[in-house]
Amino acid sequence: MDHHHHHLLLLLLLWSSGAQAEEKSTESDDVRLVGGASRCAGILELKHLGEWRPVKGNSWTRKEAAVVCEHLDCGFPVSVGRREDASSSPTTWWISRDCLLSRSLLGQCAVSWELSSTSVFDITCSDSVRLLNGSSLCSGRLEVKSNQSWSSVCEADFDQQDAEVVCRELGCGPPSVLQGALYGEVEAPVWSKEFQCGGHESALLDCRSSGSARNSCSPGKAVGLTCSEGEDVRLVGGATHCTGTVELKYLGEWRPVEAIEWTRKTATVVCEQLDCGYVVSLGKRTGASSRSVWSISDMCTQLGSTLQYCASASFSKSIFDVTCSDSVRLLNGSSLCSGRLEVKSNQSWSSVCEADFDQQDAEVVCRELGCGPPSVLQGALYGEVEAPVWSKEFQCGGHESALLDCRSSGSARNSCSPGKAVGLTCSDNDVFRLEGGSNHCAGTLELKHLGEWRPVEIYDRMPQTAAIVCAHLDCGSIISIEQNHESSHRLTWGISADCVQDGSSLRQCAKSDHSSLITTLHCSDSVRLLNGSSLCSGRLEVKSNQSWSSVCEADFDQQDAEVVCRELGCGPPSVLQGALYGEVEAPVWSKEFQCGGHESALLDCRSSGSARNSCSPGKAVGLTCSDVDHVRLVRGTSHCAGTLELKHLGEWRPVKGFDWTLKTAAVFCGYLDCGSAVSIEQNLSSSFRSAWEITADCVQNGSSLRQCATSDDSMYFVKLNCLDSVRLLDGSSLCSGRLEVKSNQSWSSVCEADFDQQDAEVVCRELGCGPPSVLQGALYGEVEAPVWSKEFQCGGHESALLDCRSSGSARNSCSPGKAVGLTCSEPDDIRLEGGASRCDGRLEIKHLGEWRPVDGSDWILNEAAVFCKHLNCSSVISVEARDNSFYNQTWFLNQGCVRSRSDLRACAASGFTYSILHLTCSAKQHTGGP
């Protein structure tokens, strides 16, 4: 999230331990539904910090609404939606769905939303029935509410007609299972009368009941009820019931569906619901004006939830069209274009026997499904024959548009051998191309999907995703990936890195989008490395005459390797070894390469005149190239301080890196052969310029810079300060580890006998840490050669260890296990300024010798509690992000880092923001002694 565009006010309340018991009994008084037919229906409002406001949120479904219904002691969430209410307050409480589902108190999740809005939540809960402990919202053990008390219902007092009323009241479909103890035992109290519904009533408590009370209920006889999901979905405006605009009937009302980030994989749910076949195409259309829709997110349906469960009422101009095949489908396949074939006729799906289906039939099916040509046709590849079985032989010519348009044998066939169901794999029909480059393996990435060419934006832009695209184009290894900004938004295909890297095909991952970001790729066209541990390692293959060939170790030497590594944009070869990344695979390159080492491409090299006919097993070229990327710090006081620049793809650029901390900076200090990282800042430039963007997560996960760097524009660039002569290694924090000292470009261990408490004070100060707390030999590892040869003799006041005097004579020995292990205390100073007490006010941290306020974005109570602990205050009471009228230089604190470590220093990065964190903690209660 961009910390520089936050204008939210966060006001959150956590009751102290003395008030929590009271809150358990009054929490429902702080939430209400207003303007509805009962206290269990209406616009959701929350009273927080003494103020009633409507509630907003992101993509709430009935799952989130269930939390509200529970708070209100109402029953089941019947519906949730957004509606426009011009009379509502312009300020609202924002509650995120993730926080709501993970916490018991709404107040902990509330964020003040100051932007004017008339869109509010409208929730309806049932007020007298609920289902508990079920596998979905429409199943569970039945309870009924009367006189403010919930009661179990005994199976003997409840029948099918009663169940029909309950399922209707809850907005579910008809009852499918009614069984005692299906979802748990009877719990006291127990409903005392028999229900006698006619089945037409709108609510269970509207039904007649027996005159006399019943006093017993056998164990295990609590009503367990499963209602069908009750949703109706249809496709309207198309040529058949399997094509058109998606509409959902929910809560008795048909509306178009706003499909949020749906892919073909998601749309399969609709086709299955309609008993249609395979998703052939989908697309988003924009109408002239907003209208009432059911909003359904891809994320919700992908978790296995039904359309009804995921639907929330909304307004949108966007509607969704889907085309499903109406007579063929592939089941149990590894992708949407593979599986066991079934054909539909007379409303029934039938398996097809392998003996009745050939290659020409397969071509028709693959074309009908919008896939590429058949690549595999094999009996039982995706499962056995299942009854019923198609009774005639297909006799397609291969040109037909649908399988059922083909001729078939006149007589029925009556048998099909076991294991002979048609298993079919079609190739992926999506077509990629790279336009405007020097060859077909370089240029702007475009995808023809659902019949339409569009530019592609690769979300997250990871080179690993681009490598998959290069392979799809039958090109070699990825050399570079960039995102270029166009002057205006246009229709694009968006491809998610997560989707592709989960193994889904590009076809399944493409989403229609509008964007000004266009992806440009450069893949090698004739060499690639396969099965390696990075983009610069793997088994070498060479392409010639449209075919890839393995290369034999005997035909490839160090000079050849230098050419390949240079061609791929990697550094010099570091390892060349046969079978390092797999065995030789046919075909095998038949000639010996004879490179001079200066060539720009392997195929530019000379080769032996005669072909070679053999290659010993296990001798495929395995090659590891070093990482070519170089880093430097410029415009600083030494080579270990300044603005960070990266040379990537032959070009030096400054580095953009939000959310970096000293832990991230330490990686680059290591690249530079400098010492410990002591500071990191975000420098604001006067204008935008090209940069290499590097995320902290990618670097800290151990990926190479080549894998983490992507092209972007920025005004913010990373400035680092690393020490040039001391470092601590293998410690538990940035202020602990085994001490090493650098002199004459070499790092040396320090022997415990040559280092004392005053020396430690100097090192801790030099590192920007607090005073030494532990000094002990071998605390963080053994002595490693070389070893510093003189005794340090610091007075304790020096600013750097190498400024200290040292013994005149060299020392030649150091006992094993005596390497200096040093732990410095954490240096952070923290304070609250401008408040009513030392436990209240604007949060400021003194870091790298400078007091600054802390950026206030996105802090919630539980995460902010760590500051109260640092201040020796008690519980956190409130957290507030206040917007200033001017940009402030602040410390950004990475919240994930703060949660996982005790030292704030490792979590702080310099930046600018309008939003400042204000914090109120309760003061500790001091009690006197006896």
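Keep in mind that glycine also has a Cβ here, set from the backbone N, Cα and C atoms.
Nobody curates TrEMBL annotations by hand; they come from automatic prediction.
What TrEMBL records for this protein:
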- C99-C109: disulfide bond (DISULFID)
- C197-C207: disulfide bond (DISULFID)
- C300-C310: disulfide bond (DISULFID)
- C396-C406: disulfide bond (DISULFID)
- C499-C509: disulfide bond (DISULFID)
- C595-C605: disulfide bond (DISULFID)
- C698-C708: disulfide bond (DISULFID)
- C794-C804: disulfide bond (DISULFID)
- C897-C907: disulfide bond (DISULFID)
- 31-126: domain 'SRCR' (DOMAIN)
- 129-228: domain 'SRCR' (DOMAIN)
- 233-325: domain 'SRCR' (DOMAIN)
- 328-427: domain 'SRCR' (DOMAIN)
- 432-526: domain 'SRCR' (DOMAIN)
- 527-626: domain 'SRCR' (DOMAIN)
- 631-708: domain 'SRCR' (DOMAIN)
- 726-825: domain 'SRCR' (DOMAIN)
- 830-930: domain 'SRCR' (DOMAIN)
- 1-21: signal peptide (SIGNAL)
- [ ] Determine, to the nearest whole angstrom, how far the Cα atom of C197 (disulfide bond) is from the Cα atom of C605 (disulfide bond).
- [x] 88
- [ ] Please tell me which one of the disulfide-bonded residues listed here (C509, C605, C708, C907) sits closest to C310 (disulfide bond), measuring Cα to Cα?
- [x] C509
- [ ] Please report how many Å separate the Cα atom of C804 (disulfide bond) from that of C605 (disulfide bond), as a whole number.
- [x] 57
- [ ] Would you kindly give the Cα-Cα distance separating C794 (disulfide bond) and C396 (disulfide bond), rounded to the nearest Å?
- [x] 92
Task: Segment-level pLDDT (mean, integer) for the domain 'SRCR' (328-427) - done: 87
Task: Using Cα positions only, nearest of the disulfide-bonded residues to C794 (disulfide bond) (C406, C595, C605) - done: C595
Task: Per-state residue totals over the domain 'SRCR' (432-526) - DSSP helix, strand, coil - done: 19 helix, 54 strand, 22 coil
- [ ] Determine, to the nearest whole angstrom, how far the Cα atom of C109 (disulfide bond) is from the Cα atom of C605 (disulfide bond).
- [x] 64
Task: Shortest C-alpha distance to C907 (disulfide bond) - which of the disulfide-bonded residues C406, C605, C698, C708 - done: C698
Open item on the list: Roughly how many Å lie between the Cα atoms of C406 (disulfide bond) and C509 (disulfide bond), rounded to a whole value?
Closed with: 32
Open item on the list: Is it possible to get the count of other C-beta atoms within 10 angstroms of the C-beta of C907 (disulfide bond)?
Closed with: 25
Task: Proximal residue to C605 (disulfide bond) among disulfide-bonded residues C509, C708, C897 (C-alpha distance) - done: C708
- [ ] Taking only the Cα atoms, work out how far C897 (disulfide bond) lies from C708 (disulfide bond), in Å, as a whole number.
- [x] 20
TODO: Drop a 10 Å sphere on every Cβ of the disulfide-bonded residues C406, C708, C794 and tell me which sphere holds the fewest other Cβ atoms.
DONE: C406
Task: DSSP-assigned states of the domain 'SRCR' (527-626) in counts, ordered helix, strand, coil - done: 16 helix, 35 strand, 49 coil
Open item on the list: Please report the distance from the Cα of C509 (disulfide bond) to the Cα of C698 (disulfide bond), rounded to the nearest angstrom.
Closed with: 22
Task: Which of C109, C197, C310, C804, C897, the listed disulfide-bonded residues, has fewest other Cβ atoms within 10 Å - done: C804
Open item on the list: Given a 10 Å Cβ-Cβ cut-off, pick out the one of the disulfide-bonded residues C595, C605 that has the most other Cβ atoms nearby.
Closed with: C595
TODO: Round to a whole number and give the Cα-to-Cα distance in Å for the pair C595 (disulfide bond) and C708 (disulfide bond).
DONE: 31
